[in-house]
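Trainee: As annotated by Swiss-Prot, transit peptide applies to 1-16. Among the features that Swiss-Prot reports, CoA binding site is placed at Thr36, Gly37, Asn38, Gln39, Lys62, Ile115, Thr116, Glu117. Residues or ranges marked as substrate binding site by Swiss-Prot on the basis of sequence analysis: Tyr179. For His268, the entry in Swiss-Prot reads active site, tele-phosphohistidine intermediate, with the evidence type sequence analysis.
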Amino acid sequence: MISAGMIARNFGKRFFSTKPSVLINKHTKVICQGFTGNQGTFHSKQAIEYGTNMVGGVSPGKGGQKHLDLPVFNTVKEAKEATGANATVIYVPPPHAAAAIKEAIDAEMELVVCITEGIPQQDMVKVKYLLNKQNKTRLIGPNCPGIIKPGECKIGIMPGHIHKPGKIGIVSRSGTLTYEAVAQTTAVGLGQSTCIGIGGDPFNGTNFIDCLKMFTQDPQTEGIILIGEIGGEAEEEAAQWLIDNPTDKPVVSFIAGLSAPPGRRMGHAGAIISGGKGDANSKIEALKAAGVTVTFSPAKLGETILQKMNEKKNK
């Protein structure tokens, strides 16, 4: 049986990274699929106000119209050809979200960010198959808050005002815990280089290892926060990658679900301990063995990464 981890690893090997060093910057041209819907409208407006270079949107049957003073197109291909967009964000209901991702892959959009929660896993298995056959498109999500480079580009539903341009790369399976880490790193004066919410579903497009590779190679990123949760083996695989690819950048982690009972889904579709695997303790031990500093309280992420950054500076 093919596991989510195996599919994710294969995708990571097939994708060839391009500039910018961590996926987005102020030059990224973004379109929105589901542009004229309630969610697409609300979050596109927020992105524009933040300064994101939104260049248009897609709503089938509404091509030729204007929305938020931007052009509306019937297809992703048309939008890409007309605007030069290289990223798309998807606010499409679960029954149609996989088709929206496939359309973006077919159009060879470089970055696809799918916010939608509740996409059937069978649909996502088919999407993963398409992703694994190509090297033009990277998917972030689904069921994620998105990605942000503070002060430059916001693609997703995260609150922009808590972010501050800085030096900490944050990758997380949890949206709200991402915001907690952001608020704390802003409060202690470190700020963030890039924040990536990889999503809480079993079949996602970008995993911890993909993000660790980018953060360790990114000159702006001087420290890393990794937020995991119960379910799957993504954290253990990330720990093994760090053992095989040591970095001098401090890595701090928090794993949610320490007291979660086996066999019960805890929020996200992927947050379930099954078959004796995926519990918080095994993830924590694996990360510690890789030299990661694990905090047992999300309230201490900011002070812990600051401490580790200062320790490195004073060596």
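Counting begins at 1 with the first residue displayed.
Cβ from N, Cα, C; glycine included.
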Trainee: Determine, to the nearest whole angstrom, how far the Cα atom of Thr36 (CoA binding site) is from the Cα atom of Tyr179 (substrate binding site).
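Mentor: Answer for this pair: 27 Å between alpha carbons.
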Trainee: For Lys62 (CoA binding site) and the residue listed as 'substrate binding site', what Cα-Cα distance in Å is obtained after rounding to a whole number?
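Mentor: Their Cα atoms are separated by 35 Å.
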Trainee: On a count of neighbouring CB atoms within 10 A, which of the binding-site residues Thr36, Asn38, Gln39, Thr116 is highest?
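Mentor: Of the binding-site residues Thr36, Asn38, Gln39, Thr116, the highest Cβ count within 10 Å belongs to Thr116.
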Trainee: Grab the CoA binding residues from the record (Thr36, Gly37, Asn38, Gln39, Lys62, Ile115, Thr116, Glu117) and give me their largest CA-CA distance in Å.
Mentor: 25
Trainee: When DSSP is mapped onto helix/strand/coil, what comes out for the residue listed as 'substrate binding site'?
Mentor: helix
Trainee: How far is it from Gln39 (CoA binding site) to Tyr179 (substrate binding site), counting Cα to Cα, in Å?
Mentor: 20
Trainee: DSSP three-state call for Asn38 (CoA binding site): helix, strand or coil?
Mentor: helix
Trainee: Could you state the CA-to-CA distance between Asn38 (CoA binding site) and Tyr179 (substrate binding site) to the nearest Å?
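Mentor: Given the Cα positions, Asn38 (CoA binding site) is 23 Å from Tyr179 (substrate binding site).
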